[in-house]
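Student: What follows is a structure written as structure tokens; I'll ask about it next.
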Amino acid sequence: MEPSKLFIMSDNATFAPGPVVNAAGKKTFRTCFRILVLSVQAVTLILVIVTLGELIRMINDQGLSNQLSSITDKIRESAAMIASAVGVMNQVIHGVTVSLPLQIEGNQNQLLSTLATICTNRNQVSNCSTNIPLVNDLRFINGINKFIIEDYATHDFSIGHPLNMPSFIPTATSPNGCTRIPSFSLGKTHWCYTHNVINANCKDHTSSNQYVSMGILVQTASGYPMFKTLKIQYLSDGLNRKSCSIATVPDGCAMYCYVSTQLETDDYAGSSPPTQKLTLLFYNDTIKERTISPSGLEGNWATLVPGVGSGIYFENKLIFPAYGGVLPNSTLGVKSAREFFRPVNPYNPCSGPPQELDQRALRSYFPSYFSSRRVQSAFLVCAWNQILVTNCELVVPSNNQTLMGAEGRVLLINNRLLYYQRSTSWWPYELLYEISFTFTNSGQSSVNMSWIPIYSFTRPGLGKCSGENICPTVCVSGVYLDPWPLTPYSHQSGINRNFYFTGALLNSSTTRVNPTLYVSALNNLKVLAPYGTQGLFASYTTTTCFQDTGDASVYCVYIMELASNIVGEFQILPVLARLTIT
């Protein structure tokens, strides 16, 4: 074997040759140098990449900044355009909702004033039907059908002594005569009034005539208003009109009645509703009367009765209150079979299981006194521009929003619609609703009812239906006592307590006695002013308020059925009083 070239053996010792040691050091140096070079290159590459990234970011930021600047400029331009448009829209809204109505109202008042002057002065040749125009005194025009108070603040009230004025309501003229069921409507230009004149005591199913009048508000020398009668119609044609409702319409009055010569209970027991009459009485002595058959009447109703309280002329439509008995197997009867409304007085609630109270509330709509028909409220709606050629429509509210049907009144105040419903069923408090209609050219119109919670006083009622009852039960009791709202009702919390209204109540829980003028809030009576002697018998009352814009005085006319010991069972009396508000 050839000896190793790396080692030389001498005396058993091994020695590493010098040339071999130098080669190893060079190899280590080269390795370190290569690592260093690679590291420097790597660091350089990283720095280049970072630098390029930063440059790219700066370039992008500059572009984005330019884009944002452009977008910001466009937003500012749009904001300026929107602000300009909003300003124009605000001007339009203010003009339409404030300026234009005031201007129209001013023009209307000026026109009415001019018309009154022309009609009064042109005695030789006149286009007017008489020398006295059918136009209220200008002092009252702007104060009719307006809320007297609109600030929702707390107020105090006082009712002045009844003012001495000529009565615009005639009384019976014989001991066995009877005048009953007053209906009164005050419009911007004139007023309309009607009542039933019953020939044999107060049995209205036998034979009766209908008294209708129209007139204007004028100012007396004493400074307070007077109801001046300009036209009278006495409908004595053999038709036994009953439960008539009146409404002021352009140039006259509209009256809705039904004709029947049988007992009310017999009407409910039948299957075909009695004749419905719509009568138009104009200032030029023209009378137009039609028998109407409103859509939805036949096949659904056993009977339909006008609501007694006045109706309204609104958006070129006549709207009257109505109620009656629904046939159980009819379309309307089936649709409403499970509907009921059970209000609760939170200050004096009825105790008992809610499910049981609900069942009792449902049963209250079907009194056996009326052959267990569902007693339902409704509204008769007629298009004014086709009043002589087309039929009217029955608009029926949901019984989930109203109590058992009863007499009522439709009010139009500040262009807001309200509905008074007599508390004929178990609920003893005043019933007042805000209502809104949805009219359709084809198909069924609808109405939404929003109950206003009033707990300040109760009406008289018999037996288990007295004014002290607060629990659902079957009742046919109570009495018609409509209120006049002095303020708008607001659904905002905290201010509803300042909703005020006035009227004439009967101050007893069981008997129709003690007529009393009042002003009330939702939960408490503010003022009580008894009328007549203690124990005086009375019945229906209807109230209308208005303002003299000349001196800001507020007047209310309380029309009351009062017992008479001289002529007839009742005498209908209009009591005019001044209402002071502080």
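Heads up, the Cβ atoms here are built off N, Cα and C, so glycines get one too.
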Student: Let me make sure I read this right: Swiss-Prot says Cys244 forms a disulphide bond with another cysteine. Which one, out of Cys253, Cys257?
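Tutor: That would be Cys257, the partner Swiss-Prot lists for Cys244.
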Student: Look up Asn12, Asn448 in Swiss-Prot and give me whichever carries the note N-linked glycosylation site.
Tutor: Asn448
Student: Which one is it, Cys471, Cys475, that Swiss-Prot ties to Cys465 with a disulfide?
Tutor: Cys475
Student: Check for me: which candidate out of Cys192, Cys202 does Swiss-Prot give as the disulfide partner of Cys253?
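Tutor: Cross-referencing Swiss-Prot, the cysteine bonded to Cys253 turns out to be Cys192.
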Student: Check Cys475 (disulfide bond) against DSSP and tell me helix, strand or coil, would you?
Tutor: coil
Student: Tell me the Cα distance separating Cys465 (disulfide bond) from Asn507 (N-linked glycosylation site), rounded to the nearest angstrom.
Tutor: 16
Student: Out of Lys242, Cys253, Arg512, Cys545, Cys556, which of these recorded positions is nearest Cys350 (disulfide bond) by C-alpha distance?
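Tutor: Nearest by Cα distance to Cys350 (disulfide bond): Arg512.
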Student: Select the most exposed residue of Cys202, Cys244, Cys392, Cys471, where exposure means the fewest other Cβ atoms within 10 Å, treating these as the disulfide-bonded residues.
Tutor: Cys471
Student: Tell me which of the recorded positions Cys192, Lys242, Arg512 ends up closest to Cys202 (disulfide bond) in space, Cα to Cα.
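Tutor: Among Cys192, Lys242, Arg512, Lys242.
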